[in-house]
Structures are given as C-alpha cells and as structure tokens.
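A.B. asks: Residues annotated as domain 'Major facilitator superfamily (MFS) profile' in TrEMBL: 14-230. Per TrEMBL, transmembrane segment is recorded for 20-41, 53-71, 78-98, 104-125, 146-165, 171-192.
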Amino acid sequence: MISTYTHVDRQHRLRLARVAVIALFFINGSLIASWAARIPAVQSRLGLQPGQLGIALLGAAIGALVAMNIAGRIAIRFGSAIITVLTAIGLCISLPLLALAPDLVWLVLALVFFGASNGAMDVTMNLQGAAVERGYGKPIFNSFHACYSVGALVGAFIGGIVASYNISPVFHFSGISLIGVTGILIASHFLLPPEPAVVTETEKAVPKKKSLFIRPSRTLVALGRLPFVP
C-alpha cells in the first residue's frame, strides 16, 4: 500500500510540474510577443531610424548569446527550478524597462537585459521540461512548445488590441509583467527539485566510447537561435 501511495504521489507531483512548465512556456511566449507587437511604438517614441533600431535589437541577441552559454552551467550547480524562476522574473522586469528607455543607449542596455533573461530562461525551462519528460517516461515536450506558441499568439493578439487603442507601452508592459510574475511565483511551487547525479562504479571504470556525432556546444546553439531573437 505504501508503494502504491508513493507512486500516486509521484504521478501527481509530475502532473503539477508539467502544468507549471506549461505555464512558464506560455508566459515566455506571451512576453516575447508583447514586446514584438509594441516595437513600432517604442521606435516612434524614441524617433529611431531603422538602422538605429537594428543596433538596439542586436543588444537582445548579444544578451541571449552570453546568457545561454552560462545558464546551463549555473542551473546544473543550483538547480534549474530556481534559475528558471529568477530569469523569468528578470524577463518580466525587463519588459517595462524597454518602454521606459529614454534614448537609444538605454534601450540597448534594456534589450541586453531582456535578451539575457529570455535566453537564460529558455535554457533552464527546457531543462525543467526535460526533467518532467524523464519522469513521465514518454515524449511530452511538444506540449510545452505548443503552449509557447499559444502564449505568443495571445501576447500578439493583446498587443495588437492595446496598440490599436494607443495605450502606452509602459502601462501595457507593466500589466503583462505583473500578471507574468504572479503566474511565475505560483508555478515555482510545483517545479521539480534538482536531480542527484548518480554514477555507478561500472560507469567510472569503463571509458566512454567516442561518437562520430559531436553534440553542438551551447555557443553554436545560441548562434543558431539568433535569427529568432526579436
């Protein structure tokens, strides 16, 4: 009976963790789409030329490139749950900063922070998703990516409506970020804790065979994602 209850509790915990990760993917997608929908408003407010806007957006790519390289290592050391929560809150904080930037320089700095938070959150929430998928023992990752797309759709839809009423990006981003932080804090209670690394004596004694396929580094993966960073 005890083992049965333990199994049931574990399955219940996994279901809650799955919902929490789904919420994080949804929030991430909605925040990114919210920013994308209001880029013209921010550009108009600061009077930026297309070239200047391109330079500013490059800041997000640089921030993401750097953060994605180190986020995985930090998550392995401290656990992906806490790092996911911190970077997700950072992404929420960065959104109003984009609307409050008084000039190009501050916009670039805000976008570096925005890109770094998004890049790090992307890495760590995927680690959480992978942990949940291992617990389920079957492929479920598509549900996470699907909810990211749904979040992006909702964020873009709301952003379009808000923009049509000429509502300031400051109020728009502040409201979206407040909702996002609330959802993140709720989800944080259900994320999976760090998994202990278990290495058997056999694994220590037997050297690993080299494979013809070399797993790409985080730098290469981050470079591949640059075209998709707004």
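Any Cβ shown, glycine's included, is placed from N, Cα and C.
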A.B. asks: Below 8 angstroms Cβ to Cβ, which residues of this chain, lying six or more residues outside the transmembrane segment (104-125), approach it?
C.D. replies: 21, 24-25, 28, 31-32, 35, 42, 46, 48, 52, 55-68, 70-72, 75, 80, 83-84, 87-88, 90-91, 93-95, 97-98, 144, 218, 222, 225, 229
A.B. asks: Pairs 6 or more apart in sequence, C-beta under 8 angstroms, 3 or more of them: is that satisfied by the transmembrane segment (146-165) and the transmembrane segment (53-71)?
C.D. replies: no
A.B. asks: I need to check the long-range neighbours of the transmembrane segment (20-41): which residues 6 or more away from its ends have a CB within less than 8 Å of a CB in the stretch?
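C.D. replies: Counting only partners 6 or more residues beyond its ends, the transmembrane segment (20-41) has Cβ contacts under 8 Å with 53, 84, 88, 91-92, 95, 98-99, 114, 118, 121-122, 125, 128-129, 132, 143-145, 147-156, 158-160, 162-163, 169, 172-173, 176-177, 180, 183-184, 186-191, 230.
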